[in-house]
Amino acid sequence: MKAGQICAVLGAGTMGGGIAQFLATAGCETFLYDIDEEPLVKGLESIRARLLRLEEKKKLSREARESVIARIHPVTDLSSLSHVTCVIEAVVERLEVKRELFAGVEKVVDDQAWLATNTSSLSVTEIATVLHRPERMMGLHFFNPAMIMPLVEVVSGERTDEKVAKQAAEWMSNLGKEAVMVKDTPGFLVNRVARPFHNEAYRIVGDGVAEKSQVDRILREAGFPMGPFELQDLIGIDINYAASVAVYEGNFQDPRFRPHPAQRKLVESGALGRKSGRGHYTYDE
Amino acid sequence: MMNEVLLIGEAPLAEEVHQFFRNKKVKVRTLSEVPPYENGRVVAVMDVTAGPLESKITDLQMAERLVASEVPIFTSTLAYCATRLAANLEHPERLSGFSPLLLQESGVLEISQPLQAEDAPVWEKGVHLWESWGKRVEILGDEPGLVFPRTWALMVNEAAWLLTERGAESRDIDRAMKQGTRHPFGPLEWADRIGIDQVLWILKGLFEELGEDRYRPAPLLRRMVYANRLGRRAGRGFYQYEKMEVGKGHA
């Protein structure tokens with residue numbers, strides 16, 4: 001569709017804030033919605049702080065920073081979204097919450113508006129069936145941090161109109177993202193194909209083939225920017241574990257995706273990675 | 001006098017190993033070139049074939065007869081564990097499993113010790129040899145595929161399943177893995193570089209030795225091997241290529 005999309009981003013958390021910043025920087029008028037003032041204020045603060053850092057690093061002029069901020073309109077009322085042409089939802093990963101939100105959104109927006117979810121672990125198809133017109137609903141799966149990572153997975157659910165998905169992919173490319181078209185299977189593309197990188201690392205250690213530090217060293221030497229264990233420490237072992245479980249459950253417990261009990265143990269013990277001071281490795285505060 | 005290694009295997013992997021040793025000023029001989037017991041300069045045997053088992057055993061036994069009894073033997077352990085291969089030798093304690101993949105680009109060498117070499121001081125000789133050739137040696141437990149080949153082959157397998165299900169197109173799969181998670185190559189183009197046959201050997205080896213469904217090779221990979229779509233060298237793998245000149249463009 002045209003560059004002149006009027007967007008709504010639902011949810012002002014890490015992903016929502018990142019997506020809103022990306023859209024506004026790319027020139028789109030963007031409504032940032034959250035249910036309360038408080039998360040909205042917090043989300044906006046983070047965006048402002050990030051933009052200010054860019055200005056300090058001379059990557060953004062003051063005028064540009066101000067106009068990006070001016071393009072983001074915080075709202076706490078769905079009815080303010082009546083003339084948006086595109087909605088990207090990035091709220092908590094709970095099916096019922098998302099379905100309820102989309103049912104509300106559909107009542108407000110135009111019939112032609114695109115609806116997209118940034119879910120990473122739920123079925124796009126299942127979220128979409130709450131709609132009267134599920135064919136204009138798709139997944140737009142951004143990677144964290146959304147304003148920096150180039151990739152977006154454009155996910156077609158069972159009932160998504162392929163034309164709409166293609167147009168959305170083109171739109172994303174026009175805004176500077178690398179868009180790939182994928183079908184709605186658990187983990188979509190990246191999270192699915194990367195599963196063995198994480199899950200098998202636990203197997204290799206569990207089988208006594210290698211120590212964690214050896215696995216990391218060998219895979220770094222092979223060209224991966226980080227080994228699986230140091231990478232999990234960075235992104236959070238709990239986050240990584242949740243992704244593994246979602247793909248496993250989504251595939252009716254296909255053994256190909258079975259997570260390792262050693263990962264659950266770490267999560268249970270509170271060793272979540274850098275953010276908790278220890279994970280696979282130990283970190284100084 | 002120049003040191004020599006006795007190399008068992010075929011292109012493209014053997015080419016790469018050949019090149020590695022040329023750079024180290026080590027002469028490479030093949031099985032047919034080494035006359036029995038006139039080989040004081042052979043410091044190691046390198047078997048880079050992944051499989052099948054029968055011909056691996058035949059070649060290893062022949063090589064063993066050609067070199068002195070303490071000369072280390074390295075054999076690709078992508079499809080079989082080192083213990084299984086060592087069981088066929090007269091001096092099993094001198095055998096090491098190793099991964100011949102990425103030999104030129106990686107600073108580490110993955111090696112595994114067969115059960116028969118436990119407490120055998122002669123086994124260490126092989127480790128020192130690789131250190132003298134500039135590798136950091138990672139000594140690993142004895143399962144097929146070691147670390148990189150196992151991890152890599154499983155990602156290729158998942159990509160092949162995804163492709164089979166028409167979940168995404170080849171180029172998108174490769175692009176997404178590079179852009180979304182910063183892998184150096186996409187799984188499919190990487191498989192084409194190293195060889196679809198190698199991927200399948202690793203998966204079949206894990207599937208057989210560990211007996212778990214998680215290692216079941218995607219049928220697409222089997223069909224590609226049947227059809228000789230082995231990757232770049234063959235002119236076709238997941239992608240189509242201009243036929244390459246032999247000796248150029250290794251993985």
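Glycine is no exception: its Cβ is also placed from the backbone N, Cα and C atoms.
What you are looking at is a predicted structure, and each value in this text was computed from that prediction instead of being measured.
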Annotated companion of A:GLY11, A:ALA12, A:GLY13, A:THR14, A:MET15, A:GLY16, A:ASP34, A:GLU93, A:LYS98, A:SER120, A:LYS275 at the NAD(+) site, TrEMBL, chosen from A:ASN144, A:ASN251: A:ASN144
A:ASP34 (NAD(+) binding site), number of other Cβ atoms within 10 Å: 23
Tally of residues which DSSP labels helix, strand or coil - the domain '3-hydroxyacyl-CoA dehydrogenase C-terminal' (A:187-283): 62 helix, 3 strand, 32 coil
CB contacts for A:LYS98 (NAD(+) binding site) [other CB atoms within 10 A, all chains]: 24
Neighbouring C-beta atoms (10 Å sphere around the C-beta of A:HIS141 (site 'Important for catalytic activity')): 25
A:HIS141 (site 'Important for catalytic activity') and A:GLY11 (NAD(+) binding site), Cα-Cα, nearest whole angstrom: 14
